[in-house]
Amino acid sequence: MAAEPAGGGVRKLRGAAGAVPVGLCGVRVTVRAACAAFALLCPGAGGMTRFALTVVRHGETRLNKEKILQGQGIDEPLSETGFKQAAAAGMFLNNVKFTHIFSSDLMRTKQTVHGILEKSKFCKDMTVKYDSRLRERKYGVAEGSPLSELRAMAKAAGQECPVFTPPGGETLDQVKMRGKDFFEFLCQLILKEAGQNEQFSQEAPSDCLESSLAEIFPLGKNCASTFNSDSGAPGLVASVLVVSHGAYMRSLLDYFLTDLKCSFPVTLSRSELTSVSPNTGMSVFIINCEKGEVKPTTQCVCVNLQGHLTGVTKIH
């Protein structure tokens, strides 16, 4: 039985029975056990609704490569490399059964989500919902200018570049609030659909949703202790794909970390959590939510995964 490398540090063993995920700690696990590991991420209590959230940055544009700020006002298409990255992301995700797909309404994200869905075994004909709340941070007068000019403006104002707001741009708090607004909308949507349809899990079986994710994504850093088929946690009712932008994704991570106290893999450093995702980098979360004023709980599976980009130029 030969070992094959897979994206994100997960190896797969192939034999007569097909691919079997191998955890990051070298522990061989079946798909059933991998699903159980997903079930243990953010274990739910009575009344809890659980879903998976996969967030992907758009592919490279010419202006990304030239380090020119695009924001919202420069609606640049993907470069040749960007289309290759989108196709690579699509091949990596082609066996994932998404139930909902959202994208920023800017051209680079539209082309990326299209490239992903073209490679999908299950989602080719799904409707993509374009949402302006998923747009990149607005950089005002700095849009269309080199990143070096934004840094010079920040230095002249006596501020660090990430927190500096150019005239006409959005503050980090404003971007974070957009992310919060979309995330709360998403939680309410999933809760509503799960509540309206008691057969929801039969239409999108939780074991299929979990197995399609568990086969390709790292299952946390404590794999030796999390594989337990008797977890008793509720299954996933939905698997959501969101395609967005680098600064927006970084703000969303900050919201998860500081406001929702998201649990991240212990081996991730603070700098890794605050770095901008590479083009088509992926972050995956398990969300536990319930009706009422209770905040959702979030568990990070991986951040800025980029194993699918091997052999394809990456832009940070």
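One-based numbering along the chain as shown.
From the backbone N, Cα and C atoms, a Cβ is placed for every residue, glycine too.
Per TrEMBL, these features apply:
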ACT_SITE  H58  active site, tele-phosphohistidine intermediate
ACT_SITE  E136  active site, proton donor/acceptor
BINDING   R57, H58, G59, E60, T61, R62, L63, N64, R108, E136, R137, K138, Y139  substrate binding site
Cβ contacts of L63 (substrate binding site) (under 8 Å, same chain, 6 or more positions away): L69, Q70, I74, E76
R57, R137 as binding-site residues, winner by CB count within 10 A: R57
Around the Cβ of G59 (substrate binding site), the count of other Cβ atoms that are within 10 Å: 30
DSSP three-state assignment (helix, strand or coil) for G59 (substrate binding site): coil
Top Cα neighbour of E136 (active site, proton donor/acceptor) in the set of binding-site residues R57, G59, T61: R57
Of R108, R137, Y139, i.e. the binding-site residues, those within 10 Å of the residue listed as 'active site, tele-phosphohistidine intermediate' when Cα atoms are compared: R108
Neighbouring C-beta atoms (10 Å sphere around the C-beta of R108 (substrate binding site)): 28
Site extent for substrate, whole Å (max Cα pair distance, R57, H58, G59, E60, T61, R62, L63, N64, R108, E136, R137, K138, Y139): 20
Sparsest Cβ surroundings (other CB atoms within 10 Å) among the recorded positions H58, T61: T61
Those residues of the chain, 6+ apart, with a Cβ under 8 Å from that of Y139 (substrate binding site): L69, G71, Q72, G73, L150, P166, G169, E170
